[in-house]
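Novice: Take a look at what TrEMBL says about it:
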| type | residues | note |
| --- | --- | --- |
| DOMAIN | B:9-522 | domain 'Cytochrome oxidase subunit I profile' |
| TRANSMEM | B:27-48 | transmembrane segment |
| TRANSMEM | B:68-93 | transmembrane segment |
| TRANSMEM | B:105-128 | transmembrane segment |
| TRANSMEM | B:154-180 | transmembrane segment |
| TRANSMEM | B:192-220 | transmembrane segment |
| TRANSMEM | B:243-263 | transmembrane segment |
| TRANSMEM | B:275-296 | transmembrane segment |
| TRANSMEM | B:308-333 | transmembrane segment |
| TRANSMEM | B:345-368 | transmembrane segment |
| TRANSMEM | B:380-405 | transmembrane segment |
| TRANSMEM | B:417-439 | transmembrane segment |
| TRANSMEM | B:577-594 | transmembrane segment |
Amino acid sequence: MANHHAHAVLPDEPEKATLEGKNKVLGFWLFLGGETVLFGSLFATFIALRDQANGGPTSQALFDMNLVAVATLLLLTSSMTSVMATLALHRKDLKKIQLWLTITVILGLGFLALEIYEFVHYVHEGLKMSTSAFSSAFYTLVGFHGAHVAFGICWITLLQLSATKKGLTVVTAPKFYLACLYWHFIDVVWVFIFTVVYLMGMIGGKVG
Amino acid sequence: MSAHASHAPNRSGLWDYLTTVDHKKIAILYLIAGGIFFLAGGLEALLIRLQLMYPEIEFVGAKTFNELITMHGTTMIFLAVMPIIFALMNAIVPLQIGARDVAFPFVNALGFWLFFFGGVLLNTSWFLGGAPDAGWTSYTTLALNQYSGRGVDFYVLGLQIAGLGTLIGGINFLVTIINMRAPGMTFMRMPMFTWASFITSGLILFAFPAITVGLVLLMFDRLFGGNFFNPDAGGNVVIWEHLFWIFGHPEVYILILPAFGIISEVVSTFSRKRLFGYSSMVFATALIGFLGFMVWAHHMFTTGLGAIANTLFGLATMLIAVPTGIKIFNWLLTMWGGQIRFPTANLFAVGFIPTFTIGGMTGVMLAVPPADYQYHDSYFVVAHFHYVIVGGLVFGLFSGLYYWWPKMFGKMLNETIGKWNFWTFFIGFHLTFFPQHFLGLMGMPRRVFTYLKDQNLDMGNFISTIGAFGMTIGTILFMINVVVAAKSSKRAPADPWDGRSLEWAIPSPPPEYNFVQTPLVRGLDALWVEKMAGNKGMTPAEPIGDIHMPSPSFLPFLMSLGLFVAGYGFIYHNYVVVVIGILATLACMFTRSVKDDPGYHIHEDELEEKGVKA
């Protein structure tokens, strides 16, 4: 089937042109629903434990607005570039898709580098996984998000490499579409992390 | 068509089953694996009952008793009944909606192997220094390193791997039911079992990530020095309870809704009537699914959440009795005035109704928070949930197995043995669990390995253990029945029960492509509509043509094996093994992602060769 379609003219919305594509898109939306519960549970845990510093460093003592602002800027920009990739997908323009996704990956790598720097820095400041309930919850929530970013980077890179060989077809189009959807999702999660972990963490004072 | 293979790959025996992506073969794998775990869980139950047969005896002792209750609950819920439900869903749902296949055949196979390896990992704990012993709910702090052995590590990792399998299985069924229905099969024409599977899959999708997080946090606490549940470092043990029950309560509806679906099919078929109140059944199923998420804290009435929370969760819990009552009355009214037959499938279905009703009533009793302080952690609770899960779900599964066995295997189960199976299991069940209500009210706590003489607990416990033998005999009779059916040379007809839904329109067992031509559905009870119109079978919705099939793959097995290996790495703190395992899994994902699967085609002439008519 695959190479049969490769020679045909690509239909509009190529990601949903086949039943396989439709299934993938729907299945991925559902998967993201499950991911929402996953992050929701992690957020709930973090909110319950965020003031339990156990004598170790608190969020007010640690967080640095500048670092987080730069990281946020990088990630949100990468969200926009992934939208550009989706738009290019609907124009069936493989070159543009690859360009925008390359920028997305570079921005994602920048974000990840800052996060790794941040974690290493905090460990030097005395915030280890085992320091307090706050530290466990912080590293788990933010680390889970970071792992999602890392996975997304690997995924998109792999997609880029294989698409240079395979081109844009009804088989590869859903893959691009889903990767962009995934990237968006982890950006949305970051907006919540930025608010709940960093902004609320820096305002300080005991809550509840 | 394309340049790719146009013939079914020649695979046979074990290799065929290790690589299959056919939902009907995956169903059989689920049934075998789930059946073996069911026997293991049953054996554990029997040992528990033997320990409690007389007061103050040392049959297995306290330590083993703790392991037995933990593994019995965990095994039965996660590794026995869930997979048997998945077996029936895999075998039947695509047939009932007139689909050639499921949405994600590869993912389906992956889901099975993840469950299987997760279950095996968990059960190897018996031989590697002791099984988990913190109860199937694994409450912290009891489940932390200070109080529990390595067994809980097996619990954390085994369930994590198995849970991933269940989650992707649920997504697969949701997409299959939404996207792959035959022409004319609207949502309000879907058979009740498909509806129940649909809602159940939705519950799986939203409930399992909560346990995923809970298990991750417990794993971090146990293996990496996390402090989520360690009060000394600011942790909070109630978080575990919330996460566990946010998953755990919907889980009981994940279990019972498919049983409701089975009962609806069986009662309707054997009453020769359409299901009474079909649309109210659909509504009730959806409502139960929704309310199932709203009531988790009724497991925590005595935790100290406060009177307001207890009241709200108590009320929400009682609300579930309303849609459940609707279902009970609809089943009764389906039988009312019907031409009722009682083969074993219907015996189990009819036996289910009063039994489940008793379980439901004790559930409403438990939903009253002040009364719950009395029942809490007593045998009353044990009796309640066994009435629901065994009297409801296991009866439902037996009913479904007797009903669909000919469709799955092409052989009929023996009715005489079946009736003995029903009566020994049914009487044994009530003998086991009915006295436990009174034992609980008289103060016998659950999870305690023995009790004192002459406190009015002796007789009830003795009767309960005798009942457990009855259930054991019933289970053995079922296994004998399976062997007898396998040995018999008589083939089952396509439609042995004069069925109403689409699965009975195709041969038993179905060919690998299910339907030669996708059927056109013209009403609820699609096959029955055609039968009443005097037609021999379904009207096809498409001309006969080549059928595209997905290729078999060994990757799901290898991918799950990788996580299985990594699991041991985590448990024994050997991070080289962890890396090897995870890399193996990632390599499989890489291969799958880069290599497109063109599948193969079954040609028109081959279809006719097999003499199969839609």
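Cβ coordinates come from backbone N, Cα and C, glycine included.
Curation does not apply to TrEMBL; its annotations are automatic.
Because the structure is a prediction, the values reported are computed rather than measured.
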Novice: Where, among B:192-220, B:275-296, B:345-368, B:417-439, do we find the most CB pairs under 8 A to the transmembrane segment (B:243-263)?
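Specialist: Highest pair count goes to B:192-220.
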Novice: For the transmembrane segment (B:68-93), I need the partner stretch with the highest count of C-beta pairs below 8 angstroms, choosing only from B:27-48, B:105-128, B:275-296, B:380-405, B:417-439.
Specialist: B:27-48
Novice: What stretch in B:27-48, B:105-128, B:275-296, B:345-368, B:417-439 has the biggest tally of Cβ pairs under 8 Å against the transmembrane segment (B:192-220)?
Specialist: B:275-296
Novice: Counting only residues 6+ away from its ends, which parts of the chain sit with a Cβ under 8 Å from the transmembrane segment (B:308-333)?
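Specialist: Same-chain contacts beyond the ends: 260, 263-264, 267, 275-277, 280-281, 283-285, 287-288, 291-292, 294-298, 301, 353, 356-357, 360, 363-364, 367-369.
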Novice: For the domain 'Cytochrome oxidase subunit I profile' (B:9-522), what's the mean pLDDT in this predicted model?
Specialist: 96
Novice: For the transmembrane segment (B:380-405), could you work out the same-chain residues 6 or more beyond its ends whose Cβ comes under 8 Å from its Cβ atoms?
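Specialist: The answer is 76-77, 81, 84-85, 88, 91-92, 193, 252, 255-256, 258-260, 262-263, 265-266, 269, 343-349, 351-352, 355-356, 358-360, 362-363, 365-366, 411-413, 418, 421-422, 425-426, 429, 432-434, 436-437, 439-441, 446, 478, 485, 497, 503.
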Novice: Please indicate, using numbers and ranges, the residues of the same chain that are 6 or more beyond the transmembrane segment (B:417-439) and have a C-beta under 8 Å from a C-beta there.
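Specialist: Sequence-distant neighbours of the transmembrane segment (B:417-439): 49, 343-344, 347-348, 351, 355, 362, 378-380, 382-384, 386-387, 390-391, 395, 398, 402, 457, 459-461, 463-475, 477-478, 480-481, 484.
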